[in-house]
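Some notes on the structure that comes next.
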Amino acid sequence: MTTAMGDLPLARRYLPKSLGDKIALAFTVIMLLIVALFELFIILPDIFPNYGTLYNVYVCIGLFLYLNCMGNLIMMTRIDVTSGTTVLPAILKTGWRYCHVCMQNSPPRSFHCFNCDSCILKRDHHCVFAGKCVGYYNHRFYLVTLLYLFLGSLFANFLNFDHAWALLGGANWKSLITMIVPFVAWIFGFTERYTFMLSFLCGTCIVACALIGVMCYYYTSLMLHGQTTHENGTRCKDYDLGWKQNLKDALGERWYLVWLCPFISSHLPGNGLEFKKGRTMEDIKDM
Ligand SMILES: [Zn+2]
Ligand SMILES: [Zn+2]
């Protein structure tokens, strides 16, 4: 039986089905933990050897970023993104399609995911790193996870900069190789094991920050235009109701609060089965 958290349905199964998704999810969780511990026990004590007030402030900022990142990721995997126990109509309505795998009528904007083995409401894409599809009910958690991954990696890069620079010995070609390809630098003996590990983690934070920054921009832009990834690919703008209504449709009525904590409830205006099309005059005035 599926239960509900607030007005969000919970999934029967939290962990991904496929082995590839399980490995990717484990990688995400372990890397987040390693980077958090690395900053907490190696970088911060090095920056603040006396553990003063600023150290405590930085620990609090780091904890806030880490907990929000993990909390939203967990919520993303816990929420049911299928039609759940809702009885779907037996007659094919306009805009609906028949899914030959689920053998049922599927609502507009939903698509079948072969990894999740189900039709997903307002399917955006299958997120390998969470081992789950991004759909109507967990869109909010996906976007906020991305936001905190970006802010977290930005914060880590800010903390790492001086430390990594000093340890690598400034700007020279050996330190550049060590930072960009630490494995190669380690194999060729340019660097010690400790420096290799430090370079690997610092390099990971830099690459993660750049990639997640691009993803943040892309998916936020799609959300503000009321599009899923598939609709963006087919240039479909049928569901663009103006940025403010699009925000509410994706993040819920309390869209301005959801970034604070994953447990703040934010009622979604629809049911994931029917969607308004086009812009009303009121929506255009709000833009
Ligand atoms: Zn299906
Ligand atoms: Zn999926």
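Positions of Cβ are set from backbone N, Cα and C atoms, glycine also.
The annotation transmembrane segment is assigned in TrEMBL to 23-43, 55-75, 141-159, 171-189, 196-220. Annotation source TrEMBL lists domain 'Palmitoyltransferase DHHC' at 95-232.
Residues 32, 35, 39, 43-44, 47, 58, 61-62, 65-66, 68-69, 72-73, 75-76, 79, 124, 127, 130, 134, 202, 205-206, 208-209, 212-213, 215-216, 219-220, 223, 250-251, 258-259, 262 of the same chain, all 6+ positions outside the transmembrane segment (141-159), place their C-beta atoms under 8 angstroms from a C-beta of that stretch. Beyond its flanks by at least six residues, the transmembrane segment (55-75) meets 28-29, 32, 36, 39-40, 44, 47-48, 130, 138, 141-142, 144-145, 148-149, 151-152, 155, 159, 259, 261-263 of its own chain at Cβ-Cβ distances under 8 Å.
Break the domain 'Palmitoyltransferase DHHC' (95-232) down by DSSP state and the numbers are 80 helix, 18 strand, 40 coil. Packing against the transmembrane segment (23-43) from elsewhere in the chain are residues 15-16, 59, 62, 66, 69-70, 73, 77, 128-131, 152, 156, 159-160, 163, 198, 201, 204-205: each is 6 or more residues past its ends and has a CB under 8 Å from a CB in it.
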